[in-house]
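I have placed the structure first, in the form of C-alpha cells, so that the comments after it can refer back to it.
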Amino acid sequence: MWKEIEKRESGRVRPRSFANRVKSSRVASLQLSNHKDIVSPHKGSVNSLQVDLTEGRYLLSGASDASAAVYDVQQPQKLEGGGLIAKHKPIFVIDKQHEHRHKYAISSAIWYPIDTGLFVTGSYDHYIKVWDTNSTQAVMNFKMPGKVYSTSMSSLATSHMLIAAGTEDVQVRLCDIASGAFAHTLSGHRDGVMTVQWSNSSEYVLVTGGCDGAIRFWDIRRAGCFRVLDQSHSQLGRRPPLLERSAMTKVFVSCVVTCICILGSTSRSSSGGQNMSKATAVSRKSSHGNGAKHSGSNRISAKGSIKHRLHPGMLSSQDRATAHYGAVTGLKISEDGMYLFSAGSDSRLRLWDIESGCNTLVNFETVRLQTNKPIQLSVSEDSALVFVPCMTVVKAFDFWSGKTYFTFRGHYEYVNCCCYSALDQELYTGGNDRQILVWSPFISYEADEGTTRNEDSWSD
Amino acid sequence: MSTQDPSSSSPSKGTKRRRDEEEAAAADDAETAASESLEQSLTFSDTLVALRMMRAQFPHIDKVSIRPFVLRSQLYSSVVDRTQVDRELESLRRTKVLRIFKLNTGQDDHAIMFLDDYLNQIERAVKRMEEKNVHDLEVFEWFKIHVIDTRLEPNISHQDLCSLLSLGGKVKDNQISVLINGGVIIRQLIDPSMYWFAIPNVGSMLKGLSQGRKELLSLLSRRRYKEMLLASLEKKRLRLSPLDMRFHLRDLIGSGHLKTIKTPTGLVVRISKE
C-alpha cells in the first residue's frame with residue numbers, strides 16, 4: 001500500500017487510476033462485515049433500501065410491516081465487542097403507531113434526490129406519501145389506482161420534481177411534489193408496471209418494466225413511448241459495428257408495411273411480430289420522429305386491421321414486443337447511462353444497449369429469480385459489477401462476460417433488495433428474514449495491534 | 001488443446017477431455033460419438049462442434065420418426081462460456097444454418113434444429129398428412145419457400161403469416177388450420193394473433209422430455225445425499241422418456257438443476273440447491 005502511495009506521489013501512477021485500483025481491490029474482498037452491523041427494527045421483510053445520493057451517509061429502508069427507518073451508516077450509535085463492532089441503530093422508525101402510517105406493506109422507499117430533507121414511500125395500500133425527514137411527518141399524499149410496486153425520482157432533474165410510480169394499473173403515473181397533483185400518465189403497458197427508473201443521461205427519459213414483459217422508454221414531454229425493447233433484436237457485442245447493422249435488417253414485407261415505402265426514410269425493416277409502430281420508432285433514429293410519424297398515421301387508418309385512428313404518439317401501444325418471457329422484475333441503468341440491465345421472472349438477466357435498443361446477448365448464469373416481487377439491483381461504480389439478488393443469495397456478475405464473480409450467502413430467506421454504496425464500497429442487502437446485512441471489504445483484526453485501528457480510521 | 005485422432009478414440013479412464021474435431025472426420029465419428037460415454041464428451045470448445053456432436057448423439061427412436069434437435073440448455077452445459085454460446089447461436093441463426101424454436105415445456109426452453117433437418121421433418125409431416133387425404137397441402141410449400149426463408153425469429157404474427165403465404169397463392173383460413181394441424185405453427189396462449197414456429201410431430205418428445213426430467217430429478221432426490229456417480233447414472237434407463245439419459249443429463253446440468261463435481265473416482269452429479 002505504501003509503495004502505491006509513493007508511486008502516486010511521484011506521479012508514476014495517475015490519481016484516478018490509483019483510486020480505482022484501491023476501490024476494485026476493496027470490492028474484490030467484500031464479505032459479511034465483521035465490524036459493522038445494522039440493527040433492523042422491522043417486523044416484516046425488507047423490501048427496499050437506498051443510500052442517500054448527496055452524502056452517502058443515510059440508509060433508508062422500507063418493509064412489509066409498513067415500517068420505514070433511516071440509519072446512519074457512517075457513525076454508529078454504539079460500539080460493542082471491545083470497540084470493534086459498530087452497531088447502527090435506526091435514527092427514527094415510522095411504524096404502525098405513527099399517525100400518518102401506511103396501512104399495508106411499503107414496497108419502495110426512496111430519498112428525494114436533492115437533499116435528505118424529504119423521502120417518498122410507496123405502499124400496497126395504494127398511497128404514495130412524501131415525508132419530511134426532520135419532523136417525521138407525511139406532508140403529501142397521492143392516491144393511486146392500484147398497489148404501488150415501485151417509485152422513482154430523477155437524480156438529474158433540474159426542471160421538474162416528478163415521482164414516477166409503477167402500480168398494478170397499466171398506466172404509469174407521474175406525481176408532482178411542487179403542485180401536489182398528478183402531472184400526467186403514460187399508457188402503453190398491457191399489464192401492471194413493476195419497475196420504473198429514470199435515465200442517467202436525460203432528465204426527461206423514463207424506463208419502465210411491466211408484468212407483460214415489455215420494457216418501454218418514455219420521453220415525458222411527449223405522448224407514448226419512443227422505444228420498446230425486443231429480445232429478438234440482438235447485437236453481438238458492446239456496440240453494433242457499422243457493417244453489422246445491415247446484417248440485422250430482415251427482408252422487407254411490402255404488403256404489411258407499405259407505409260414505410262412511402263416514408264422512405266429507413267433501410268431497416270421490421271421483423272416478424274412488429275408493425276408500423278416499431279418502424280416509426282426505428283425511423284426516429286435516422287430522421288426526426290415527429291415528421292415521419294405524422295405522415296405515417298394517415299396511412300395507418302387506411303389499414304384494415306387497426307380500426308380507429310391513433311394519435312401518432314400512441315402507435316407504440318400497438319407494439320407488443322417483449323423483453324422477457326415473463327414479467328420484468330428489476331431494472332438498472334449503468335452509471336454511464338448507456339446500458340440497461342433487466343431481470344425478469346423467466347429467470348433471465350439481460351443487458352441492453354440503450355442507444356440501439358438491442359439485446360447484447362450477454363448470458364448471466366442464473367437458475368432462479370424471485371418472480372412475485374420487484375427486486376432491486378445495484379451496479380458498482382464504473383459498472384464493472386452488477387449485484388443481483390437471486391433467491392437467498394446475492395450474486396455479483398461481471399457486466400460484460402456474465403460470469404459470477406462473487407456469491408454472498410448470508411440471508412436465511414429470499415433477498416429482495418441490495419444497495420451498493422460507492423463511497424465506502426459497501427453493499428447493503430435486505431431480505432424476507434427481516435435483516436439488513438452489511439457486506440464490507442475485509443479488515444483483519446489482530447487484538448493487540450494498534451495499527452489496525454489506524455488503518456480503519458484512515459480508510460474512512 | 002490436443003487434437004485427437006478420430007480413428008483411435010479409445011475410452012479414457014474417466015477424465016473430462018476436450019476434443020478438437022475437423023469436419024471431414026465428423027461422419028466417421030458418428031458411430032464413435034454415439035457410443036462414447038458422457039464423461040468423455042461433456043465439454044466442447046466451440047458451439048458448432050458441440051451442436052454437431054450432440055446431433056450425432058441424438059437417440060434413435062423406433063416409433064416416432066423425428067430428426068435430431070438440441071436443447072439450448074444442453075449447449076450451456078457443453079461450452080464453458082455461455083455468452084459465447086448465445087452469440088454464436090445468434091450468428092448461426094442469422095446465416096440460416098439453424099432455427100431456434102421456443103418450447104412450451106418450462107420457463108426458457110428452446111430447441112435448436114439444423115435447417116435441413118427441419119425441412120426434412122416438414123416433408124415427413126406433409127407425407128403423413130397426404131396419406132390421411134388432407135387437401136390444400138401446397139400451403140406447406142409456400143410456407144417453406146416464403147415464410148421460413150424470411151422469418152428467422154421463433155414467432156410470427158397472423159398478419160405477417162398471411163401476407164407471406166399469399167406471395168405463393170391465395171390464402172384461405174382453413175389453410176392456416178391445415179398448417180396448425182400439421183404442427184408447423186402453434187397459436188400463442190397469451191396473444192391470439194401471434195404464432196410460435198414449431199417442430200411437427202415433436203409432441204411425444206416434449207412429453208417425454210418433461211417426464212424424463214422429473215423422473216431423473218426424483219431419482220436423485222430420493223438418494224440419501226442427493227448425488228450419484230455419473231458413470232453409474234448413465235447406465236440407468238428412464239422409464240417414462242424415449243430420450244436417453246445422456247440427453248436429459250446434459251439438459252439438466254445446463255439449466256442448473258444438477259451440478260457436476262470432480263472427485264477422485266470420477267464425476268459425481270448432485271442436485272443443486274439454489
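Each residue, glycine too, has its Cβ placed from N, Cα and C.
Taken from TrEMBL, the feature repeat 'WD' applies to A:39-81, A:99-141, A:186-228, A:321-362, A:408-440. The annotation compositional bias 'Polar residues' is assigned in TrEMBL to A:268-284. Annotated region 'Disordered' per TrEMBL: A:268-303, in sequence order.
The average pLDDT computed over the repeat 'WD' (A:408-440) stands at 93. Sorting the repeat 'WD' (A:408-440) by DSSP state (H, G, I as helix; E, B as strand; all else coil) yields 0 helix, 20 strand, 13 coil. The DSSP breakdown of the repeat 'WD' (A:321-362), given as helix, strand and coil counts, is 0 helix, 19 strand, 23 coil.
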